[in-house]
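Peer 1: Before I ask anything, let me first share the structure, which is written out below as C-alpha cells.
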Amino acid sequence: MEEQARPPSRPAASATLPGSAHPGGAASTATAAALSFSSVATVTLGNQSDAGRPEAAGSRGPAPLLWHGAAVAAQALVLLLIFLLSSLGNCAVMGVIVKHRQLRTVTNAFILSLSLSDLLTALLCLPAAFLDLFAPPGDSGPWRSFCAASRFFSSCFGIVSTFSVALISLDRYCAIVRPPRDKLGRRRALQLLAGAWLAALGFSLPWELLRAPREPPTPQSFHRCLYRTSPDPAQLGAAYSVGLVVACYLLPFLLMCFCRYHICKTVRLSDVRVRPMTTYARVLRFFSEVRTATTVLIMIVFVICCWGPYCFLVLLAATRQGQTTQAPSLLNVAAVWLTWANGAINPVIYAIRNPNISMFLGRNREEGYRTRNMDVFLPSQGLGFQARSRNRLRNGCANRLGACSRMPSSNPASGSGGEVVMWARKNPVVLFFREDPPDPVMAVYKQHKSETRDSSI
C-alpha cells in the first residue's frame, strides 16, 4: 500500500528562525514572547485578516476573547462619549447663537461655523467608527463607499474646523491689536467663511476623485480604509499629502500663534497704559479682553494638540511611501480619534468660559450676563425694573467683595463704579466689542439704541 503523504508539520515555537544570530536558548524564548505580544495586540485592535475565522477563534482560549471583548467595549465607550459631547454640546452652542439676537455677531459667525463642522463630523464620521468595531474582518465589500464617504467628510470638516479657529484668532487680532476701523465686517466675515468651506471641499475631493482613472484598487478591510491617515502615495503622490498638511494645518497653526503673540503683547501694554481709567466701562472692556485672549489661547492649544499627531503621521507616511502596504497601527487610530475629540472639547471650553453657554446649560450666572450686556438688556425693560436690577447688582457686588467694595470709584457719576470694577476683576466676562462701550454708564438709560452690541463667545 502506498503511504499517504503527511502534511508538513508546523515548526515549534522554540525552533530556530532563519537568519537568527543565536539559535535556541534565550533567543527562541524572546522570539516566542514577541510573537505572543504581537498576537495579543492584533486581537486588541480587531478587524484584522484572520480574527474572524472559526479555527482562529477556536485556537484562542477564553482569556484572549475576554481581552478582545473588553477592548471593544472600552473603544465603544470612548466613541460614545465623544459622540455625545460633540453632538449635544455643539447643538447647544448653535442654539444659543441662533436664539439670542444680540449674539449674531461676526465672531460668533466663526464660532457657528466651527460648531457646525464639529457637529457634522460627529454625525457623519463617528457612525463609521462604530461600524468598524462590530463589522466582520476582511474586504470592506458593500461598506466600501460608506468608508470612502466617511473619510471625505472627516477630511473636509477637519479642514473647516482648523480654518474656523484660525479665523477666530484673526478676528480677535483685528479687534484688539488693530484700530477699530480694521475690524472684520459682516460681509468680509461671510466671504472668509465661504472661502474656508470651498477650500476644504477642494482639498478633500481629490482624495477619491483622482483615484477613479487609475488602476483598480486592491481589496482592503473596512478598518484599514477608515484609519488610513493619508491618500495613496502611488496615486496622489507624497507631494499632495505634504501640500495638504502645510496649506490646511501648518499655515493656520502659524497664523494662530502669530495672532496670539500680538494679542498678548497688546494686552500687556494696555495693562500699563490704561491705568488709571476714567470709567469702569473701560475697565470691564479691558478685563473682558484679557479673558477673551485666554479663551482663544485655550482653543489654540487644544487644536494643535489634537491635530498635531495626525499631521505628523501624514507627513511620516508621505516620506515612507508605504502607507498602502501597511495596516493601520494603534497610532493611526489614536490620531484620528484625537481629531474627533477636538470637536467634543470645544463645547466644554465654551461652557466653562462663557456665561451665555453656561446659562443655557442650566448654570445660574444671570448677574454676570446682565452686567456685560447692560446696554442691550436694560433698554428693553421698564425704568422701574432697571432701577431694581441696578440696586440688586450693587448689593451683590458689595456682599461678594467685602473690603474691596470700599475702593474709590473711578467714575464720579456712579458711586458703585469701583464695586463693579472689582467684581469684574473677580468675575471677568467673555466680551468681544465691535464698538467702544459708552463712557458714562448712565447713557444706557437715556438712549434706546436700535442696534445691539457685539457680545460673542
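Each Cβ is built from the backbone N, Cα and C atoms, and glycine gets one as well.
Swiss-Prot feature annotations, pasted as is:
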- N47: N-linked glycosylation site (CARBOHYD)
- 1-27: region 'Disordered' (REGION)
- 1-64: topological domain 'Extracellular' (TOPO_DOM)
- 86-109: topological domain 'Cytoplasmic' (TOPO_DOM)
- 131-156: topological domain 'Extracellular' (TOPO_DOM)
- 178-189: topological domain 'Cytoplasmic' (TOPO_DOM)
- 211-235: topological domain 'Extracellular' (TOPO_DOM)
- 257-295: topological domain 'Cytoplasmic' (TOPO_DOM)
- 317-329: topological domain 'Extracellular' (TOPO_DOM)
- 351-457: topological domain 'Cytoplasmic' (TOPO_DOM)
- 65-85: transmembrane segment (TRANSMEM)
- 110-130: transmembrane segment (TRANSMEM)
- 157-177: transmembrane segment (TRANSMEM)
- 190-210: transmembrane segment (TRANSMEM)
- 236-256: transmembrane segment (TRANSMEM)
- 296-316: transmembrane segment (TRANSMEM)
- 330-350: transmembrane segment (TRANSMEM)
Peer 1: Thinking of Cβ pairs under 8 Å, which stretch from 65-85, 157-177, 236-256, 330-350 has the most of them with the transmembrane segment (110-130)?
Peer 2: 157-177
Peer 1: Mind checking which residues of the chain, 6+ beyond the ends of the transmembrane segment (157-177), have their Cβ under 8 Å from one of its Cβ atoms?
Peer 2: 106-107, 110-111, 113-114, 117-118, 120-121, 124-125, 183-184, 189, 192-193, 196-197, 199-200, 203-204, 248-249, 252-253, 255-256, 258-260, 262-263, 266-267, 289, 292-293, 296, 299-300, 303, 307, 339, 342-343, 432-434
Peer 1: If I take every residue in the topological domain 'Extracellular' (131-156) and average their pLDDT values, what number comes out?
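Peer 2: Taking every residue in the topological domain 'Extracellular' (131-156) and averaging pLDDT yields 73.
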Peer 1: Just to be sure I understand, if DSSP states are collapsed into helix, strand and coil, how many residues of the topological domain 'Cytoplasmic' (86-109) fall in each?
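Peer 2: With helix first, then strand, then coil, the topological domain 'Cytoplasmic' (86-109) has 21 helix, 0 strand, 3 coil.
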